[in-house]
Structures are given as C-alpha cells and as structure tokens.
C-alpha cells in the first residue's frame, strides 16, 4: 500500500515519504524488493496515488514481470479494496497486505506469515506491548493504568485467505464503513479468524520525518553505500558561414558570422545533449535527431537538450552538475555567460551553482585558431537511484 500522502512525515523534493531516499534508495523500492526477492510470492499489486506514477517510475525504474500498478482511492481502506480487486482475475488463494513504508520487512517474517496461513485463518504479525499504558481524560489527566496482558501492537503484512478478505472489504464499502484502522479489524468484523504471530522489531513503520532520517542513518551505517553517480562527456564542432550571430546555450550572440548546421548549430547544447545521453547509455544526438530528417532543419537546440533531460529524469536521474567549455577565438563569451547560465538552468531545471560555462581560445592553432569555427566540450554528472552493482 503506497497511495498515502504522508502528511505527518512532511513533503520533500522527492515526494511523499514512500519516495524519500534511505541509503540512496527510495523507501518504496526497498519495500518492494523484499517481496520480489521472495520465491513464495506471486503477483504483486502496488497501489499508488493517481498523481504519483512519475514518482513511482523514478523510484522503481526496473521492470518486474510480477508487479502491477494499481491507482488507489481517497483512503487507505479504499486503496486496499482496489488493490484486492485488481487481483480478482487471478483469484489467488491467499493475499498479503503490506504498508509501503515498512521497508525493513525480512524474509524470515514473510516466510513465517505464509507458513501460518490456512484457508480458515489469517495471520497478523504483532509485538507484545512493552510500554506501560495509561488512559487519560479529556483534560490530559491520567484516569487509570491499563494492563498490558494480551495486548499487541499490530504490524504488516497482514495475510488472509483472498476471497474472504475481498468479500469483507466489499461489504464495508457497500455500507460506507470507513472506520477500520487495519485489515485485521475488517477481518474481525466479518468473523474471519486471525492468528497473531511474533512480528519483528526491525519491521517498523516510517511515520515521521525523524523515522526516515533514522532509517537512512541505519542503512548507511550497516554497509558502505556506492551511489550510482554517472558522468557523461560530449564534444561537438561547427564551422562558420556568413551571418550576423551565433547561438550558444540558447543565447543569440552578435558576431560577424554564424555557425553552419542542420539545426540552429548551437555547438554547446549539442555537446551537452550527448553528455546527458551518455549517462544513460542512450546513444548520441544523431540517434535521436538524425541530421537527414528535414523536420530538424533550423530547429532550436533546446528541443534536443530538453529531450535528453527527459530521458534522464524518466530513469529517476537527478542532474547534479553540467560543465561546458567553449573553444573559440571569437566571439567573447564573458559578457554573455550569465545569460547562458540562466538559459541552461531553465532548460534543465537546476540551480545556477550546478552550471559551469567556460571559454578558452586555441592559441591561434588549428581551425579554431584560424577562426573557422567553434568547438565545445561538455560534461554532465547525474545521480541515479540505487547503488552501483557489485
């Protein structure tokens, strides 16, 4: 279940808490892996918020044949019902319902839950309550101490025979009962027997921002993390021809000549497009925009760079830095650097301190030294989800 908004944990640039990074990996990706790694698990329905499809693709870029995406509803209870309905054609014998923000579910607990399932009873992992419990009045004053005997804190995944728990959810939906706090409560309401087994202290739910911080710290302490940071390089060159300006990084700069090319010949953006594509092993600019294709005749090169950035982001990549070096005797780049930097910021959606634009001459050597054209070298650094594989 991953359709919640996570108000208590707060929002971040990564989205709701199930998409926050812990140990360089999204919470939901880690949770999902526990189930995809379990040979006892068949089809997995991941229920997400209708607005979160792009977030999910970024968090879980790899494809799993046994994973289906389901759009959730306005409440957890309704999202669970929709997830169960998505499995109706398969009609599994049993189903496990798990919180997407419990990323530390272990294989041992999964196996014990499944081993205790029968056609006659569900299974609820839980921990015996160890804290002293108090009942308070409306004014906050203690009324009484509650005995801990027989009290348990419920965890997930909660497991049930599929048909009875789906029927229970459908009955609750039909009469608009929305007050159940978990699936075991719905099972109790419909008199489905539920067996409690010992849960795991590690199987905590990430509810607050502090929980996410602690989970991230825990993972980083448990093992060395090698984040998937990739660097791509690009190089391009264009010759001069008669004209009155050149376009560099999307900025028109007055000059006694223009650059010759099929598009607008923006040598800087062409090199940077190749650099971004290189971080995904996605070919080069000619692969995506062949110069033989007439539709790109005179095209603005920002189309190319924005296309490359989209490919990066669809794979969950975050552009950490771009660096462009222009090699030219003229025109002078310095007076236009700020405008060029801002143009790249706008195209890539990154801050100015992540953009570097430099220029150098070729000391009057070669075609650049003879003022026959301009060359550009670009480097892009992109951080992708997950770690570098061993």
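Cβ atoms here come from the backbone N, Cα and C positions, even for glycine.
These come from Swiss-Prot:
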BINDING   236, 238, 270  divalent metal cation binding site
BINDING   236, 237, 238, 262, 263, 284, 285, 286, 360, 361, 362, 363, 367, 370  4-CDP-2-C-methyl-D-erythritol 2-phosphate binding site
REGION    1-229  region '2-C-methyl-D-erythritol 4-phosphate cytidylyltransferase'
REGION    230-390  region '2-C-methyl-D-erythritol 2,4-cyclodiphosphate synthase'
SITE      8  site 'Transition state stabilizer'
SITE      17  site 'Transition state stabilizer'
SITE      148  site 'Positions MEP for the nucleophilic attack'
SITE      205  site 'Positions MEP for the nucleophilic attack'
SITE      262  site 'Transition state stabilizer'
SITE      361  site 'Transition state stabilizer'
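Ranked by CA distance from residue 362 (4-CDP-2-C-methyl-D-erythritol 2-phosphate binding site), the recorded positions 17, 205, 238, 262 have 238 at the top as the closest. The Cβ of residue 367 (4-CDP-2-C-methyl-D-erythritol 2-phosphate binding site) lies under 8 Å from the Cβ of 237, 239, 373, each of these being in the same chain and 6 or more residues away along the sequence.
Across the structure, residue 17 (site 'Transition state stabilizer') and residue 263 (4-CDP-2-C-methyl-D-erythritol 2-phosphate binding site) are spaced 43 Å apart at their Cα atoms. In this structure, the C-alpha atom of residue 263 (4-CDP-2-C-methyl-D-erythritol 2-phosphate binding site) lies 11 angstrom from that of residue 238 (divalent metal cation binding site). Of the candidate recorded positions, 236, 238, 262, the one lying closest to residue 205 (site 'Positions MEP for the nucleophilic attack') when CA atoms are compared is 236. In the three-state DSSP classification, residue 236 (divalent metal cation binding site) falls within a strand. Counting in whole angstrom, residue 360 (4-CDP-2-C-methyl-D-erythritol 2-phosphate binding site) lies 15 from residue 236 (divalent metal cation binding site) by their C-alpha atoms. Counting only same-chain residues at least 6 apart in sequence, those with a Cβ under 8 Å from the Cβ of residue 270 (divalent metal cation binding site) are 234, 236, 238, 285, 301, 304, 376. Neighbour density around each Cβ, counted as other Cβ atoms within 10 Å, peaks among the recorded sites 17, 148, 205, 262 at 17. DSSP assigns residue 362 (4-CDP-2-C-methyl-D-erythritol 2-phosphate binding site) to coil, not to a helix or a strand. Under 8 Å, Cβ to Cβ, and six or more positions away along its own chain, residue 361 (site 'Transition state stabilizer') finds 327, 328, 329, 368, 369.
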